[in-house]
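Asks: Relevant sequence annotations retrieved from TrEMBL are reproduced here:
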- 1-90: repeat 'Solcar' (REPEAT)
- 100-193: repeat 'Solcar' (REPEAT)
- 203-294: repeat 'Solcar' (REPEAT)
Amino acid sequence: MDFLMSGLAACGACVFTNPLEVVKTRMQLQGELQAPGTYQRHYRNVFHAFITIGKVDGLAALQKGLAPALLYQFLMNGIRLGTYGLAEAGGYLHTAEGTHSPARSAVAGAMAGVMGAYLGSPIYMVKTHLQAQAASEIAVGHQYKHQGMFQALTEIGQKHGLVGLWRGALGGLPRVIIGSSTQLCTFSSTKDLLSQWEIFPPQSWKLALVAAMVSGIAVVLAMAPFDVACTRLYNQPTDAQGKGLMYRGILDALLQTARTEGIFGMYKGIGASYFRLGPHTILSLFFWDQLRSLYYTYTK
């Protein structure tokens with residue numbers, strides 16, 4: 001049940017935040033490996049990107065890649081939050097004195113995140129391809145011509161096999177390790193601290209909401225450069241063998257981005273990342289916490 005509740009919580013959050021994921025993906029690919037000021041900026045900021053996509057691609061384009069996004073969230077977060085929940089319920093995240101251990105939380109969060117992200121990597125790659133697809137006048141990054149999730153997975157599998165489907169999976173792991181460990185560690189630590197201070201009544205939904213808000217800020221700041229590199233790794237064009245033509249891996253993507261676009265290039269789309277990751281973190285952790293509370297209340 002922990003895995004099912006975790007997956008459902010993440011899907012609930014995804015429905016609301018997917019348009020921000022579309023905006024974030026486009027902003028991260030804009031001006032890829034081009035010096036600042038040498039390219040046309042189709043998307044000046046989060047709000048301008050929303051208006052531009054809605055006007056040129058149509059309002060439905062703001063929910064591009066929703067099917068793979070939902071499937072990825074269910075797989076990735078079902079495994080990640082479910083595994084973390086089991087570790088928490090088993091008492092593995094507390095010291096011998098019974099206090100919460102941030103170090104154990106970070107390790108458990110990272111390990112749980114790696115498992116979920118690696119298994120869901122082909123879905124995440126296809127999601128990135130679909131969300132980057134745009135009308136030629138506002139297109140950024142490499143443009144794949146997929147018709148949908150299943151067609152994309154079938155085509156990539158037939159052309160490049162399992163290696164092609166899991167292309168970029170290892171490069172995407174640092175993003176998940178940092179994001180997942182930061183998210184779950186700060187969420188649990190903040191919740192534990194607030195409980196000790198008795199700011200809110202025990203089991204109050206406000207406790208989970210405030211802890212999730214703190215967690216959202218920490219995740220965005222820690223994960224942004226790896227998120228940009230991961231998006232570019234997945235979206236880069238490939239040769240006949242399915243090997244990327246622009247980047248050799250996550251470190252190469254980070255170095256090339258920093259060299260050509262400067263430090264700010266590594267934080268492209270951070271506004272969209274905040275508006276997306278913040279609410280997504282808040283909603284998914286809040287839904288997760290509330291679903292677990294309801295389940296344990298009615299099954300005891």
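A Cβ is built for glycine as well, from the same backbone N, Cα and C atoms used for every other residue.
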Asks: For the repeat 'Solcar' (100-193), would you mind checking the mean pLDDT of the predicted model?
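Replies: Reported value for the repeat 'Solcar' (100-193) is a mean pLDDT of 90.
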Asks: In the repeat 'Solcar' (100-193), how many residues does DSSP call helix, how many strand, and how many coil?
Replies: 76 helix, 1 strand, 17 coil
Asks: Which numbers of helix, strand and coil residues does DSSP report for the repeat 'Solcar' (1-90)?
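Replies: Across the repeat 'Solcar' (1-90), the residues distribute as 68 helix, 0 strand, 22 coil.
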Asks: Tally of helix, strand and coil residues over the repeat 'Solcar' (203-294) according to DSSP?
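Replies: Residue counts in helix, strand and coil order: 73 helix, 2 strand, 17 coil.
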